[in-house]
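Shown next, in structure tokens, is the structure this report addresses.
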Amino acid sequence: MTEQKYVVALDQGTTSSRAVVLDHDANIVSVSQREFTQIYPQAGWVEHDPMEIYATQSSTLVEALGKAGIRSDEVAAIGITNQRETTVVWNKETGKPVYNAIVWQCRRTATICEELKARGLESYIRDNTGLVLDPYFSGTKIKWILDNVEGAREQAEAGQLLFGTVDTWLVWKMTQGRVHVTDYTNASRTMLFNINTLQWDEKILAEFNIPLSMMPEVKKSSEVYGQTNIGGKGGTRIPIAGIAGDQQAALYGQMCVQAGQAKNTYGTGCFLLMNTGQEKVTSHNGLLTTLACGPRGEPAYALEGAVFMGGASIQWLRDELKLISDARDSEYFATKVDTSNGVYVVPAFTGLGAPYWDAYARGTIVGLTRGVNSNHIIRATLESIAYQTRDVLDAMQADSGIKLSALRVDGGAVANNFLMQFQADVLDTEVHRPKVTEVTALGAAYLAGLAVGFWDGLEELQGKAEIDRSFKPHHDEEKRQRRYKGWKRAVKCAQAWAVLHNEEE
């Protein structure tokens with residue numbers, strides 16, 4: 001029998017599908033990435049084509065193995081990590097989606113959320129799912145598809161439709177429709193899963209008019225769910241053995257498996273997660289209570305704060321404002337000026353996430369004077385990412401009663417030294433950047449590898465979490481508080497803007 005030397009992580013993100021191959025020492029051997037189409041049918045709506053998601057993801061698997069000359073029988077397991085909340089509904093007979101995937105960023109269900117609030121469901125949802133009633137989560141997206149796609153409601157009631165977050169869709173496709181499964185971390189993002197009983201919540205399903213028959217089976221994040229022969233020659237079947245939503249996978253990849261450990265991922269959005277172990281901490285500050293992974297991939301509780309616009313605001317500087325030609329240039333221009341010259345950018349393009357939860361907030365730039373130039377605006381945009389992180393971390397520390405000793409960071413924007421130093425200054429906390437910044441893929445690979453015995457336990461992997469650089473806070477306290485006060489004033493200017501605007505039309 002061929003020696004199994006590798007584990008593959010499939011990282012299905014918001015803008016691209018990636019495959020990352022790791023060896024036994026958790027070194028990255030090969031990476032393949034493909035972008036796919038973003039569909040914007042109207043303002044505030046975001047969709048993906050589920051068939052394109054699957055096509056790009058399966059081709060990256062074949063490509064990553066091919067690039068490194070790895071045969072499929074050398075792969076011990078596949079782990080999947082995915083953009084969370086994004087909703088796919090498909091017909092189990094034809095295998096075809098009844099509608100495009102509705103993406104986590106999509107705000108089309110804001111009115112459904114208002115109706116559900118008016119019916120008094122908010123506190124039940126909060127207490128039992130740990131989430132706030134917001135268009136972000138899958139529940140109202142499924143309801144929208146069933147209510148608006150012709151024939152969908154009838155098919156669902158006849159037991160012909162299946163729902164899945166992206167992990168579920170990929171596993172279903174990769175196993176030729178044999179396995180309909182998700183893990184606790186993804187289930188906890190649907191707004192339909194009871195995090196107290198660890199079961200689908202039948203009361204919420206009934207209120208949303210979603211049949212239980214559509215829901216996948218929920219399993220822990222580290223176990224063999226099924227086998228796939230994608231990328232396999234001669235019928236080799238590779239076990240699919242790990243699943244976790246991208247943020248929980250990153251938390252695991254950063255080795256934050258004990259209560260009180262936290263990380264921030266700077267991707268399209270920013271996601272701060274703190275593991276709270278077996279204790280469910282209820283937030284009084286607009287954070288989410290959600291499920292993460294314990295040391296062996298079993299469900300553990302976590303607090304989460306989501307910032308909708310992190311790296312996406314740098315893309316906006318590049319694509320819409322044309323102030324930079326490459327996202328990496330933002331650091332160079334931001335450091336050409338000493339301060340933002342009193343300017344604050346609040347990138348609330350799709351509303352504000354934690355701790356504000358204002359779907360009607362809109363982006364704003366305040367403090368403009370004649371002396372403000374493009375470098376100040378670039379700097380203020382980067383600073384907004386750090387301020388939003390502080391908003392969330394302050395809330396997290398208040399809820400958990402834990403003062404963070406250091407923040408572990410990952411994601412594309414952590415390569416920006418200016419942003420990382422400013423983050424440490426704003427938080428008055430050390431920021432630790434790991435050597436391997438592919439922590440989301442690492443997390444999925446670890447979960448899969450542990451399930452099949454490729455690694456014995458986390459102790460074996462602890463040494464992999466090396467720190468590349470620590471950023472220590474510099475600012476004096478008075479300056480720190482003054483700047484943060486200015487940020488809070490700027491946020492007030494952005495809040496509830498869309499409501500006011502609609503009244504004027």
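Glycine is no exception: its Cβ is also placed from the backbone N, Cα and C atoms.
If you check Swiss-Prot, you get these features:
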BINDING   THR14, ARG84, GLU85, TYR136, ASP246  sn-glycerol 3-phosphate binding site
BINDING   THR14, ARG18, THR268, GLY311, GLY412, ASN416  ADP binding site
BINDING   THR14, THR15, SER16, THR268, GLY311, GLN315, GLY412  ATP binding site
BINDING   ARG84, GLU85, TYR136, ASP246, GLN247  glycerol binding site
In whole Å, how far does the CA atom of GLY412 (ADP binding site) lie from that of GLN247 (glycerol binding site)? 14
Nonlocal residues around ARG84 (sn-glycerol 3-phosphate binding site), in sequence order (Cβ under 8 Å, 6 or more apart): TRP104, THR165, THR185, ASN186, ARG189, GLY245, ASP246, GLN247
Would you give the longest CA-CA distance, in whole angstrom, between residues of ARG84, GLU85, TYR136, ASP246, GLN247, the set recorded as binding glycerol? 15
Residues near THR268 (ADP binding site) in space but at least six apart in sequence (CB under 8 A): GLY13, THR14, THR15, GLN105, GLY310, GLY311, ALA312
Among the binding-site residues listed here (ARG18, GLN315, ASN416), which has the Cα closest to the Cα of TYR136 (sn-glycerol 3-phosphate binding site)? GLN315
Tell me which of the binding-site residues ARG18, GLU85, ASN416 ends up closest to GLN315 (ATP binding site) in space, Cα to Cα. ASN416
Candidate with the highest Cβ count within 10 Å, taken from the binding-site residues GLY311, GLY412: GLY311
Position of peak Cβ density within 10 Å, selected from the binding-site residues THR15, GLN247, ASN416: GLN247
Relative to the Cα of GLU85 (sn-glycerol 3-phosphate binding site), which of the binding-site residues SER16, ARG18, ASN416 has the closest Cα? SER16
DSSP-derived structure type at SER16 (ATP binding site), helix or strand or else coil: strand
Comparing the binding-site residues THR14, SER16, GLN315, which residue's C-beta has the most other C-beta atoms within 10 angstroms in this structure? THR14
Taking only same-chain residues 6+ apart in sequence, whose CB is under 8 Å from that of ARG18 (ADP binding site), what do you get? LEU10, ASP11, GLN12, VAL31, SER32, GLN33, ARG34, THR60, ALA441
Cβ-centroid neighbours of glycerol site ARG84, GLU85, TYR136, ASP246, GLN247, 8 Å, sequence order: GLN83, THR86, TRP104, ARG189, GLY245, PHE271, ALA306
